[in-house]
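The annotation S-adenosyl-L-methionine binding site is assigned in TrEMBL to Thr62, Asp80, Asp102, Gly103, Ser119.
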Amino acid sequence: MTRASLDKQPHEVASMFDDVAEKYDLTNDVLSLGQARLWRKEVAKAVDARPAQKVLDLAAGTATSSQPFVRAGAYVVPCDFSLGMLRVGKKRHPWMPFTAGDGTKLPFKDDTFDAVTISFGLRNIQDTDQALRELYRVTKPGGRVVICEFSHPTWAPFRTVYTEYLMRALPPVARAVSSNPDAYVYLAESIRAWPTQPELADRLKGAGWQKVAWRNLTGGVVALHRGIK
Ligand SMILES: C[S@@+](CC[C@H](N)C(=O)[O-])C[C@H]1O[C@@H](n2cnc3c(N)ncnc32)[C@H](O)[C@@H]1O
């Protein structure tokens, strides 16, 4: 079983997700205490996919995160570099154009997508800035990005309780439900080390995105960042 470390070596990250692929979605629902569904609804509203628009869902994994855009009538391309996750996704959604690709060198031409989005994936990519530049490159001028990622609760007392949950409660629960509990130690560590909401907004601006803004969900457990090309 593989567990990535905070240097996020791509081969370790990919094989860690290969290992959890089969039970990934179930584990998500349990560990997020049901909040994952609510967060996905908010992502769908922010992306606001329209019929026939082209949407890239980067780090799509099993393409659970892609389904709201499919339901909106968009042409959705789920892209991920874990073949294990893609395989589970393809079994569930055989008609979708699953694409193997690395977020730091995307296999798409410039100015291809009306919207690009990434849910719980950016934190796992070794070179965040390069991924933000690649997302920018493949977006059409005027197109939009929506990033859904774990972040930092803004109210200090809640932040303390949440950090305790991450470091103490999450690993034993993960041991009960996940095929690779160590992957959830990495999850906790990588969330703690992730930039704050304003820091991530600055990184988006640095990659060229304009009108950058964010919204906190569940008190900042998750943040939705958006921008326009
Ligand atoms: C936590 S999962 C999120 C899956 C899905 N977006 C969701 O919301 O359920 C993170 C995904 O990021 C993918 N990933 C990590 N680094 C990547 C990279 N450099 N390029 C492409 N995918 C990557 C992993 O393989 C994994 O499937």
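Glycine residues also receive a Cβ, built from the backbone N, Cα and C atoms like all the rest.
Just so you know, TrEMBL annotations are computer predictions that nobody has curated.
Taking the features listed in TrEMBL, we show where each one sits on the structure.
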residue	record	DSSP (3 states)
Thr62	S-adenosyl-L-methionine binding site	coil
Asp80	S-adenosyl-L-methionine binding site	strand
Asp102	S-adenosyl-L-methionine binding site	strand
Ser119	S-adenosyl-L-methionine binding site	strand
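By a simple count of nearby Cβ atoms, those within 10 Å, the most crowded of the binding-site residues Asp80, Asp102 is Asp80. Neighbour density around each Cβ, counted as other Cβ atoms within 10 Å, peaks among the binding-site residues Thr62, Ser119 at Thr62. In sequence order, Leu58, Ala59, Cys79, Phe81, Ile118, Gly121, Leu122, Ile125, Ala131, Glu134, Leu135 constitute the residues six or more apart from Gly103 (S-adenosyl-L-methionine binding site) in its chain with CB-CB distances below 8 Å.
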